[in-house]
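Chemist: Sharing the record's features from TrEMBL:
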DOMAIN    24-375  domain 'Orn/DAP/Arg decarboxylase 2 C-terminal'
DOMAIN    31-277  domain 'Orn/DAP/Arg decarboxylase 2 N-terminal'
MOD_RES   Lys53  N6-(pyridoxal phosphate)lysine
ACT_SITE  Cys348  active site, proton donor
Amino acid sequence: MELRLNPVFDSIRAARAGEPLCAYVYDLPALRRHAARTVSALPAGAELFYAIKANSDLPILQTLAPLVAGFEVSSGGELAWVRGHFPDVPVIFSGPGKLDAELRAALELGVESLHLESAHEIDRLAALAERLGKTQQVLLRVNLALDGLAETRLMMGGKPTPFGIPSADLPACLARLRDYPRLKLGGFHFHLMSHQLDAEAHLRLMASYLRQVAQWCAQHRLEIGHVNVGGGIGVNYREPAAQFDWAGFCAGLCRLLDAEGLPGVRLRFEMGRYMTAACGYYAMEVIDVKTSYGKTFVVGRGGSHHFRTPYAQGHSHPFHVLPVDAWPHAWPRPEARRTEVSVVGQLCTPKDLLAYDAPVERVRAGDVLVFPLAGAYAWHISHHDFLRHPHPPQWYLPLEDGHAAD
Ligand SMILES: Cc1ncc(COP(=O)(O)O)c(C=O)c1O
């Protein structure tokens, strides 16, 4: 991949003459291949939405739109963005703390389903639907406490959290819905965790969801069409060679649906990180290499204000060194050889740390560091304006048919 990126870096340098390199690069052909493989492995009876919070750049959405069943949005801003560019793509709207204005926009712009998180949200949506004369399909997001739930590093449920309806409150919410003819219960929504790397554990979770929903349907005499099982498939930043076994998971899911699928009910995924992480690269030119009390620091152009993923997730992000042989200066070139380094950015805080204890063969000022797995929750979760450094250019390697180039 680095070889493929070299000409891209040359173009970026040419466009920004004299500036040390710093850029995001997204490989759209790779994104298309990955998304097509991911969707085609799903068994019949399952479908996949893309959770655009992971990366909502237009070329990313344009690449994914023809492949996925639709987009999941979590704010009025995301809804307006999607509807403005994709008037006909199916949209589902989740997320905590929805404003009346956002619920109204969803009713007016049209969403396939709205995921409701509390009794109060049910009441507010019902009042708005009545006022607008609209009927809306809703899914109830439930925070399930499951015995023996295998936790990941980021749990949104399975314990006290602000997300969803605790299962003990579900009967009251179902009773509430029966009073509101304009709200149609389409099914249930779960998103208990992100960063799932264990396919077997995730299959067990799917089985628990199906059994729980079957029990609710029998107990409350419900007819539903969907179980939304959320996103949460993780990306292994610590060991990039050991990724989630999606093919094995889908094969297991196929067996599970054959054995325990609910008649007439589709399983829906709304995945973010796993879809786009691998297509993105963050590149920074090395400004300086220095040693302080026995530790070596590589200072790059940019930092966590562009690429907060490593600090947010608490990992040392993998990177490659692209050697740049030209050194136009008369003074010696700072370098480190066969040692472990910390990679930092330009911010005035020790928290501006992208990698640590990272072995390198050789790294010099003027070389370029390339961080892979930077296509999800990367630029979009970063605090771009801290210190008012310039924003990096975002480059998109075009699809073979020329679509969505930079
Ligand atoms: C409700 C909901 N659905 C889907 C996602 C996407 O999760 P992931 O990117 O881990 O697949 C999130 C992420 O926070 C979420 O909160």
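Glycine is no exception: its Cβ is also placed from the backbone N, Cα and C atoms.
Remember, predicted model here, so these are calculated numbers, not experimental data.
Tell me what's around each of these sites.
Modeler: A helical conformation is recorded for Lys53 (N6-(pyridoxal phosphate)lysine) in the three-state DSSP classification.
Classification of Cys348 (active site, proton donor) by DSSP places it in coil, neither helical nor stranded. Counting only same-chain residues at least 6 apart in sequence, those with a Cβ under 8 Å from the Cβ of Cys348 (active site, proton donor) are Leu387.
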